[in-house]
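As written in TrEMBL, here are the features:
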type    : residues                                          : note
BINDING : R44, D98, D99, S100, K139, G154, D155, H231, S232 : substrate binding site
BINDING : H111, H135, D136, H206, H231, D264                : Fe cation binding site
Amino acid sequence: MKSSSNFEQLEQTSDAVDEVNQLKGRLWDSEANFTQAKDVTKFRQYANACDRVKAFYQEQHANQTLDFNIKIRKRFAERRNAEMGIWEAMELLNTMKDDSDPDTSVTQIEHLLQTAEAIRHDGKPEWMQVVGLVHDLGKLLATFQPEGQWAIVGDTFPVGCRFSDKIIYPETFSSNPDLMKEDLMTDFGIYEPHCGLDNVLLSWGHDEYLYSVLKDQCTLPKEGLWMIRYHSFYPWHREGAYRHLCNDADEEALAAVRAFNPYDLYSKSDNPADPEKLKPYYTGLIAKFFPNKLKW
């Protein structure tokens, strides 16, 4: 683990990089140019998704209850599962396939590199390239918990209140036990109006887990942490649902997630990236924002 003085130096470096990128005119929230050559209508076509994808969401929507989310957060409150660096985690993740994704069949490490490379291609700040590189590392849950992929991947949504019809396959919530609890099935459920997403339990998965791992073990800016935490919350950042739970800070987070989303979604391609060729560049970036080893 690096010392606090080293982390202060990393923070100064991160600030300096941001200043340079601003001078170049390529801010983190500027338009995603790489999508201009993409037919974006071909992505997230869940109506025509294969049976594997539909079966995944049936299982996820049946099992992501309020009680489950409270219990599993307690289980992972202390990071005692492993100690490893970012690139090591990427290589470990590469053995997994995401059953919720209808858009690509490439390996996990290739998707991470495709995302990071698209951000790099557009000249976005180094910290945002790093976010692209690590954003799905929470899928390492597959090695740490007995629950299946329904507790790891897929679009996220709040639990403890009414399930929005903007969620993928909303009809599959019919098997969720919370649907029978009248006190939960209101617009606000257990929450207060505009309480803020920090006070809302989103369905447990790789977003929430990775955010919990990184929030005090890296020097990424708050925008980067928002991108990681909410990138699968499509009912919110794509469909406009759950705004009645959001506060002013969440409006800033929404802008960050929307700036990141095109790179996560539209960089997907069956043309694989070359990990060994790209490794020297990205291990250099990793060292600027993370310690040598993280607790997972």
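Don't overthink the numbers, they just go from 1 along the chain as shown.
The backbone N, Cα and C atoms fix where each Cβ goes, glycine too.
Unlike curated records, TrEMBL annotations are generated automatically.
If you compare Cα positions, H206 (Fe cation binding site) sits closest to K139 out of the binding-site residues K139, D155, S232. Close to the recorded Fe cation site, the chain also has L112, T115, D207, I228, S232: residues not among H111, H135, D136, H206, H231, D264 whose Cβ is within 8 Å of the site's Cβ mean position. H231 (Fe cation binding site) and D155 (substrate binding site) have their C-alpha atoms 9 Å apart, to the nearest angstrom.
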